[in-house]
Amino acid sequence: MSNRTDDARKRAQTARQILTVAQMRAAEQGLMDAGHDVHALMQRAGRGAGEWVRRLAAGRSVTVLCGPGNNGGDGYVIAQYLADHDVPVCVVAARPPQTDAARRARSLFAGEVREAGAALSQEGLPRGGVLVDCLFGSGLSRPLSDDLAALLGDLAAHHAMRVAVDLPSGVDADTGALLNEGLPEWTLTLALGAWKPAHFMMPACVTMGAVRLVDIGVEAMPGAAQVLARPVIAAPAPDAHKYRRGLLGIVAGAMPGATLLSAQAALRGGAGYVRLLTGGEAPSGVPAELVVSRGALPDLLADGRYGALLVGPGLGRDDAARAKLDVALASGLPLVIDADALVLLQPGLAGVNGLATRACVLTPHEGEMQVLEHNFGLSGEGDRPARAVALARASGAHVLLKGPCSVIAAPDGSVTMGSRASSWLSVAGSGDVLAGTVASRLAVTRDAGAAAAQALWLHSRAAERAGSAFTSGELAHAIGGALAEVLA
Ligand SMILES: NC(=O)C1=CN([C@@H]2O[C@H](COP(=O)(O)OP(=O)(O)OC[C@H]3O[C@@H](n4cnc5c(N)ncnc54)[C@H](O)[C@@H]3O)[C@@H](O)[C@H]2O)[C@@H](O)CC1
Ligand SMILES: [K+]
């Protein structure tokens, strides 16, 4: 690979990293050690953010609310950038600057600054086109006091568009918690230097509007979580045939509807061949493309050509379901375990110890996650990424923890976080479609991390393509179109 391609790949990877407050401090220290100073970084961050605000304002007046720390310092730089570009701008200083860099940034701002406080009555507060929130960023350590919350709320209510710089004030950067009630909703949030966990975590992420990253030259930090990337998926090789493309077995259970939904998605997720494995009659409504193999599960799996197996959707939780899960675990095949099979999964089961030695993805939603944590003796403490990592480490499998903001954790502790997905995905059967898509990608790639990441992206994109109020069947059909978008 050429140096230029290598550099571009590295830059793209760095642009996807998600840094906690501690990691961000370490990254900033790295920049200092490399000869940058806080002032220069603040100028870079402020100008980058200022350009976004200038474009959004499109000539309308801007109010910048500045706090005491370096987030406030960014605000003065933004204000000066706007003034330099003939945008009418006014600063409201909620508190005087407390850091050297913020003081210096303020001293360089030549425009109007109104000091908040008793002297600034409601009538004196600016009203305008765009509010820029530079009250607090990653240094927020406690809820906003009543006067600051009221000031923020009043300004937000009187500006048509609202931009939060780095993070909306009142948001905990590491957990996405809202430290105050009634915080404003933002049009745009500009992450400075790197994404923070809160940009991808509930409930904060839904208050942020569109989110964009302003690059200030932060280097890659080892061990950082990553934002889910748009995948690049190769078309089948010229000499591909259905088995080489990936044969997926889907274990049929007591409730055929869920199994068939998974199969509908799997048929469109790239696998060359999808078989429904059933001990009984073929359920009604089986599409022509789905091959039904009837017989005892161990006999059916004796065919050595399976690329992956999906067990869980529609499985049921009775003895017959347990027996099927046992066979799936004993098969040693790459495995996607979903729904009922997750609830039946116990560390004591034969084959569970072997999960680490094969490609395996667990796809729990919150309720199933809690059952798994209980069964695997995990505390369930911490945020969703930490909980997903704990389960991945304990089970040896990749964990795709589903929700409005889904998380993928690998047994080595690495974390990928999905962007907020369409709320229309809150429809029955949506999880079956995801499991079928993961299984399809696993049959093709035999790589649990790649399959989980590709499928999560495809599922999210399929929801966008399906629009609103779609059925899970329509979602399954949209997987094919999403796949077509990312073919290499
Ligand atoms: N350090 C750097 O190299 C850079 C930092 N940048 C900016 O700096 C920000 C972080 O700066 P800071 O660490 O100064 O943090 P903040 O600007 O978020 O504010 C922290 C200050 O506010 C006080 N504080 C925290 N919560 C409070 C509350 N609820 N009520 C009243 N006071 C409160 C703290 O005691 C501290 O003095 C980032 O979010 C980003 O905007 C950018 O300028 C890029 C470069
Ligand atoms: K802010």
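Cβ from N, Cα, C; glycine included.
Look at TrEMBL and you will find 24-224 tagged as domain 'YjeF N-terminal'.
The (6S)-NADPHX binding site feature in TrEMBL is assigned to 70-74, 137-143, ASP166, ALA258, GLY314, HIS365, ASP432. Counted within 10 Å of its Cβ, the other Cβ atoms near ASN70 ((6S)-NADPHX binding site) come to 27, all protein chains included. Secondary structure from DSSP puts ASN70 ((6S)-NADPHX binding site) in a helix.
Among the features that TrEMBL reports, K(+) binding site is placed at ASN71, ASP133, SER169. Around ASN71 (K(+) binding site), the same-chain residues six or more apart in sequence whose CB sits under 8 Å from its CB are CYS134, LEU135, PHE136, GLY137, SER138, GLY139, VAL165, ASP166, listed in sequence order.
The domain 'YjeF C-terminal' annotation in TrEMBL covers 225-486.
Neighbour density for GLY403 (AMP binding site): within 10 A of its CB lie 18 other CB atoms from the protein chains shown. The feature AMP binding site is assigned by TrEMBL to LYS402, GLY403, PRO404, CYS405, SER406, GLY431.
Cβ contacts within 10 Å of SER169 (K(+) binding site), excluding its own Cβ and spanning all protein chains shown: 26. Each of the binding-site residues GLY73, PRO404, GLY431 was scored by the number of other CB atoms within 10 Å of its CB, and the largest score is that of GLY73. The record assigns LYS402, GLY403, PRO404, CYS405, SER406, GLY431 to the AMP site; their largest pairwise CA distance measures 14 Å.
Excluding the listed site residues ASN71, ASP133, SER169, the same chain places LEU65, GLY67, GLY72, GLY75, CYS134, LEU135, PHE136, GLY137, LEU152, ALA164, VAL165, ASP166, LEU167, PRO168 with Cβ atoms within 8 Å of the centre of the K(+) site Cβ atoms. HIS365 ((6S)-NADPHX binding site) sits 34 Å from ASP133 (K(+) binding site), taking the C-alpha atoms as the reference points.
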